[in-house]
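Shown next, in structure tokens, is the structure this report addresses.
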Amino acid sequence: MSGVNNTSANELSTTMSNSNSAVGAPSVKTEHGDSKNSLNLDANEPPIDLPQKPLSAYTTVAILCLMIAFGGFIFGWDTGTISGFVNLSDFIRRFGQKNDKGTYYLSKVRMGLIVSIFNIGCAIGGIVLSKVGDIYGRRIGLITVTAIYVVGILIQITSINKWYQYFIGRIISGLGVGGIAVLSPMLISEVAPKHIRGTLVQLYQLMGTMGIFLGYCTNYGTKNYHNATQWRVGLGLCFAWATFMVSGMMFVPESPRYLIEVGKDEEAKRSLSKSNKVSVDDPALLVEYDTIKAGIELEKLAGNASWSELLSTKTKVFQRVLMGVMIQSLQQLTGDNYFFYYGTTIFKSVGLKDSFQTSIIIGVVNFFSSFIAVYTIERFGRRTCLLWGAASMLCCFAVFASVGVTKLWPQGSSHQDITSQGAGNCMIVFTMFFIFSFATTWAGGCYVIVSETFPLRVKSRGMAIATAANWMWGFLISFFTPFITGAINFYYGYVFLGCLVFAYFYVFFFVPETKGLTLEEVNTMWLEGVPAWKSASWVPPERRTADYDADAIDHDNRPIYKRFFSS
């Protein structure tokens, strides 16, 4: 989509939605060349493309994206520390209640609110604060939301014995993390070379798992103290993480798409040059620049974006919003936060004396599995990873729930004190299998897909809505889990199993493959209405050669079982 013509934006969208629109596409005059077909070059001459280089050539951009992805560490750190805070004696004494025996405890309501209200803050922050990135740029946006996060941490760490002060602090820090969760993957997706975009966006999840792991380790290291050191060390380190995040923003390039949108074309070229390790005058870079600029100019024809545009079905934006909301919701409904938020509590119930150690093991498996995900997301594609991930996780939950129900809860709530080391060990093993499956597929894959899906004019809004759905389900799961497990205990696992079955079929029918495509090509694929299960075979119009069969994606002769277990 490297140009615009004199038709309206809606007319052009309709033209492009025809799957055979490669012929007769609009022509344009680009900034660096003569008039040419915007959707298809000469059938016998492949377009100039930025070359795929050895991974070693992308070291610089990988480091820069790692700095941006550090926002994931901040979120992971909160997840890892809060799961232990609610089991630390000083935290319970300060923010809990006394029972008739004079013992302090955290009620299910208070525990649920303290843990889960953070997600509400994140949902609001993602929707409201992501707009800062559209107005002032992604980098300034990330600095701003990180500053808001620091304010929330300051309120929490100064709490003495008022649980509602700590509660308010978590809401405010959640506002900041919600903004980070939208802007960080967004900026990475916009500066990363298309050949490794999925890998670099996956770094956000990798940093998140590192934060969870180190948060677990910090709780384990401070649990033997008998004062506020138990939990204030974990909170105090948040200031260091925020400082690192802000400092990193001084070195990373601004989004070339944002720069073009605000008329800073030369800066945009320098950003592309820095990301792709080529000269500013490289012909392939200039073609990439023209493609991005033309796509932005096309979007500008429709005027300023509004929230109501998210409901547009003609431009397939509503379909993308729905897909983003569903995929982010289903990520929570895999049941991952059942273990991450309440892992320490869960493994107490299976008879472990030091359940903090098991949480550290979860953190280790989660962290190192994420390194595998950095490779698999680009090697096998987004859809294949999600399909195999859902299938493997539902198998893990089937074993986890069945062992828990039959060995540790055979008589229901009337026998809650049953423990079994064998059953407990089995459940821990399959928990680790689950964490491995989640970390290598759904954990980062959802953020990759959502960051690649929306056209630039509504990208921040679309990503904010999709991410807000993730936070809202995170709130519901983290708040109601203590009540649900109190009523049905390990039967809860069957609920997540059912959600994973649904997730598998949803991905197969509604989530397209975006591996190897530029963001503009992803937009074209959506406009052409390519069925998700055929998207892996789709070729962008400008890359189609004379022997390309436009009807090929309409026919799939593979056996049904092969269709369901591949992209």
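Glycine is no exception: its Cβ is also placed from the backbone N, Cα and C atoms.
Source: prediction; values computed, not measured.
If you look up Swiss-Prot, you'll see 1-22 marked as compositional bias 'Polar residues'.
Look at Asn87 (N-linked glycosylation site): DSSP puts it in coil. Taken from Swiss-Prot, the feature N-linked glycosylation site applies to Asn87 (among others).
What Swiss-Prot records for Asn227 (among others) is N-linked glycosylation site, and it gives sequence analysis as the kind of evidence. There are 11 other CB atoms within 10 A of the CB of Asn227 (N-linked glycosylation site), with all protein chains counted.
As annotated by Swiss-Prot, region 'Disordered' applies to 1-45.
Under the heading topological domain 'Cytoplasmic', Swiss-Prot lists 1-56 (among others).
According to Swiss-Prot, the feature topological domain 'Extracellular' maps to 78-112 (among others), an assignment based on sequence analysis. Remote same-chain residues near the topological domain 'Extracellular' (78-112) are listed as 118, 159-163, 166, 173, 177, 208, 211-216, 218-220, 222-223, 225-231, 234-235, 337, 340-345, 355-356, 359, 363, 478-483, 486 (criterion: CB distance under 8 Å, separation of at least six residues from the stretch ends).
What Swiss-Prot records for 134-139 (among others) is topological domain 'Cytoplasmic', and it gives sequence analysis as the kind of evidence. Sequence-distant neighbours of the topological domain 'Cytoplasmic' (134-139) (same chain, 6+ residues past either end, Cβ-Cβ under 8 Å): 183, 186-187, 190, 249, 252, 254-255, 258, 262, 460.
Residues 94-96, 110, 113-114, 117-118, 121, 152-155 of the same chain, all 6+ positions outside the topological domain 'Extracellular' (161-170), place their C-beta atoms under 8 angstroms from a C-beta of that stretch. Residues or ranges marked as topological domain 'Extracellular' in Swiss-Prot: 161-170 (among others).
Residues or ranges marked as topological domain 'Cytoplasmic' in Swiss-Prot (evidence: sequence analysis): 192-197 (among others). DSSP states for the topological domain 'Cytoplasmic' (192-197), grouped as helix (H, G, I), strand (E, B) and coil, give 4 helix, 0 strand, 2 coil.
Averaged over the topological domain 'Extracellular' (219-232), the predicted model reaches a pLDDT of 88. Swiss-Prot lists 219-232 (among others) with the feature topological domain 'Extracellular'.
Taken through DSSP, the topological domain 'Cytoplasmic' (254-336) splits into 59 helix, 0 strand, 24 coil. Positions annotated as topological domain 'Cytoplasmic' by Swiss-Prot: 254-336 (among others).
Swiss-Prot lists 354-359 (among others) with the feature topological domain 'Extracellular', giving sequence analysis as the kind of evidence.
The topological domain 'Cytoplasmic' annotation in Swiss-Prot covers 378-384 (among others).
Sequence annotations record features per position, and here Swiss-Prot assigns topological domain 'Extracellular' to 406-429 (among others).
Beyond the ends of the topological domain 'Cytoplasmic' (451-467), by six or more residues, the same chain brings 122-123, 126-127, 130-131, 133-134, 178, 181-183, 185-186, 188-189, 197, 201, 257, 261, 295-296, 299-300, 302, 305, 307, 309-310, 315, 317, 320-321, 323-325, 327-328, 514, 517, 519, 522-523, 526 to within a C-beta distance below 8 angstroms of the stretch. As annotated by Swiss-Prot, topological domain 'Cytoplasmic' applies to 451-467 (among others), with the evidence given as sequence analysis.
If you look up Swiss-Prot, you'll see 511-567 (among others) marked as topological domain 'Cytoplasmic'.
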Subject >> Cα-to-Cα gap, Asn87 (N-linked glycosylation site) vs Asn227 (N-linked glycosylation site), nearest whole Å >> reply: 14
Original post:
Going along the chain, which residues at least six beyond the ends of the transmembrane segment (430-450) come within the CB cut-off of under 8 Å?
Top reply: 185, 189, 197-198, 201-202, 204-206, 208-209, 324, 327-328, 330-331, 334-336, 339, 361-362, 365-367, 369-370, 372-373, 376-377, 382, 385-386, 388-390, 392-393, 396-397, 399-400, 403, 462-463, 466-467, 470, 511, 514
Subject >> Three-state secondary structure, Asn227 (N-linked glycosylation site) (per DSSP) >> reply: coil
**OP:** Among 140-160, 171-191, 198-218, 360-377, 468-488, point out the range having the most Cβ pairs under 8 angstroms from the transmembrane segment (57-77).
**Re:** 198-218
Subject >> Stretch of maximal Cβ-Cβ contact with the transmembrane segment (468-488) [cut-off: under 8 Å; candidates 140-160, 171-191, 198-218, 360-377] >> reply: 171-191
